[in-house]
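Undergrad: Before I ask anything, here is the structure I am working with.
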């Protein structure tokens, strides 16, 4: 109705940008006639214009003014360097990104190329542009591949990888455009704010950021804080004992019924009943689980949570002697990530693996607050519209939908719902069989490792060949192989959450992938160091690779790069195979036999299979062979491609509605890319988690109402509405949870900014003497206010205690007597003490400098940083504890958030006072050794 009256706001927005696109197109011919040098010279012209700007506002105005020319320059450069030309819709995407908005672009519409436009334009300012992707591999690929365009035009391109040292990072952050991952960017920010000298700081002030897959970073990851932690000792036997006790506690089946604890699946929490407390105390032989001397509550709660809410092969897998988290959004394993607050240890105890040490937070920030540090932020994704409200409310980011270059031909078929899971799996298997018969490729999306194995078993029964892609290490190894052939005729692929797999399923098979896999087969065994085999397979996903590969049982197993033969559409002709062997021999001659790490070898192949310019003769030789193999395969896959299109394209089956409609849409988006035909259908059951947890009683009622056979699908409007409702409920529930995290973290965020700003001042400050003297004067004023009440007559003032306290801090004031100040007013006492402090400080400085010139300046910086870091760390723990306890105040009719803000602020002020006082005390107590010695950096 509104759309009819007022027009679609999205269409209105795009219409506003249309004249800019027309202007860029008009310039195309002029720029096509320029020489390479003249085209690159444009960068110098643009920069000269920008140099005239005197403020950030003026800079933005000039950028808007030169946008059509700059975009036309990038478009021409991309054509010359990459043989890729931006479509009009990609220009629209670039404009939206430059305006600091989110561009929603469908899978396969070339988001990577779109980012080059705003990155170049904003890179001209020299203040730095960060292009953020989800993993190291993609960052490296984009920096090498898209970076060519920027380098051709004279901008510098940097890349940040987790393995780099500080010097390398500084150099890369100084570039005009830097490609990096969200986690590395966040951790570098935290590390910079723990640095002890300004030379250790790697980042520049933030300017402009483009986030790829923005929904997965700003929404899915929003609740996950980035934490830098140090280890603390906790007795491991408590975890083991708690795990034993949790086994003996029983859950309540119905509300207020018998049982030791109640499980709240919605909030992912457990609540102990009075019987539960009593039983646990009796089993442990203690009187109180909350006893401060011997606390048990924390351990018991975590053990019960581990038992009830964290399922093996769904939330985590056990690999060797460790518990590894499985990412609920992408279905990938996340090695190195651990649950906090002792939960990971509780799961380790439950699984009987070695319990690792608990950690203490040294610095933390959520992605929400981190990305809000950028003055200008933008992002791209295939699915953002469903989370539009959140982007606008939390990040102040508008979402604009960019139309596809070719019209979509995908059919989304109606959901079918079965009474129970068993019937659903049978129906899915039958649908796969039908599609397999007709020669259509099928992709089945599941929500966990466990579910993917159930459907796999059903397909085995029917004798249907299929590939399985989940977080199990043995399957991850084969990810690139599986995805390469997922679009082949009649292929059946089962995958846990394809979100973030970053890979395109090409109908008829992906000849680029296949060629690269064939190259690996010959290249890797000759080049990779034997000790590196099996430790690591390429981590990353994207155009040319996928997955994280791991050694499943930590024993050195012989690595094989052989792939299953049926992946290739044909055998290589003898002359081509000979050419490949010669190229590999040449590589061995140049690099040495088995001389590279697996990652280095993968990188050589990655560059060989793309168009990045290279001076390495080995890569050039490999590239020639790669193109020949790719062409051989492509001639055959293109025939199969046409057949698959005739048959109707890729069919995507969803086996459960995800908690977020966005993830469902991502799965759907795998079919019908770039104007290909395709179809999608969801198979559901009334026993699915989503309906069970959030659909509640309505669904249970429906279940009884439908007295149908198990294997009869139920198609009912009422049920579909229930489903939609349940999904919206979950989305709102999680949105509220994220909003709450955001509101609570906002309190911390203001404090974090204040403390980091103070820290940076200290790091950059040349003369900290004045700062320490101010600290000391402030401390003296506070002491005066504590012992002197101006309301009382002077004879009742506690001047002796006042001076005793002052001398505790500054022993050089020991000659002062109460009689020296008894005739003064309060302001006069303060002024007098301030003067005495300055004299005392000069004395102290002379004494320290005598032992080693310049030492006092170092001592000032050292003590201020040491106190800030120590007390901030304690403050983080105290704030965490406050946050845990403040929730209970809701029962006392108080708003927990307001209480948290108030008390958090008071705690922060106290911490700032403690920092000041401790610095003053430490500096006056500081006795330098005779031999030249510097205070150690913290």
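Glycine is treated like the rest: Cβ placed from N, Cα and C.
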Undergrad: Out of 341, 412, 415, 504, which one does Swiss-Prot list together with 90, 108, 109, 110, 111, 112 for ATP?
TA: 504
Undergrad: Within 10 Å of each Cβ, count the other Cβ atoms, then let me know which of the binding-site residues 109, 504 comes out lowest.
TA: 504
Undergrad: Can you check which residues sit near residue 111 (ATP binding site), meaning Cβ under 8 Å from its Cβ, same chain, 6 or more apart in sequence, and list them in order?
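TA: Once residues fewer than 6 apart are set aside, residue 111 (ATP binding site) is near 93, 103, 105, 212, 380.
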Undergrad: When you look at 90, 108, 109, 110, 111, 112, 504, which the record names as binding ATP, what is the longest CA to CA distance in angstrom?
TA: 18
Undergrad: Which of the three DSSP-derived classes (helix, strand, coil) applies to residue 90 (ATP binding site)?
TA: helix
Undergrad: So what sits near residue 108 (ATP binding site) in its own chain, CB-to-CB under 8 Å and at least six residues off in sequence?
TA: 504, 673, 674
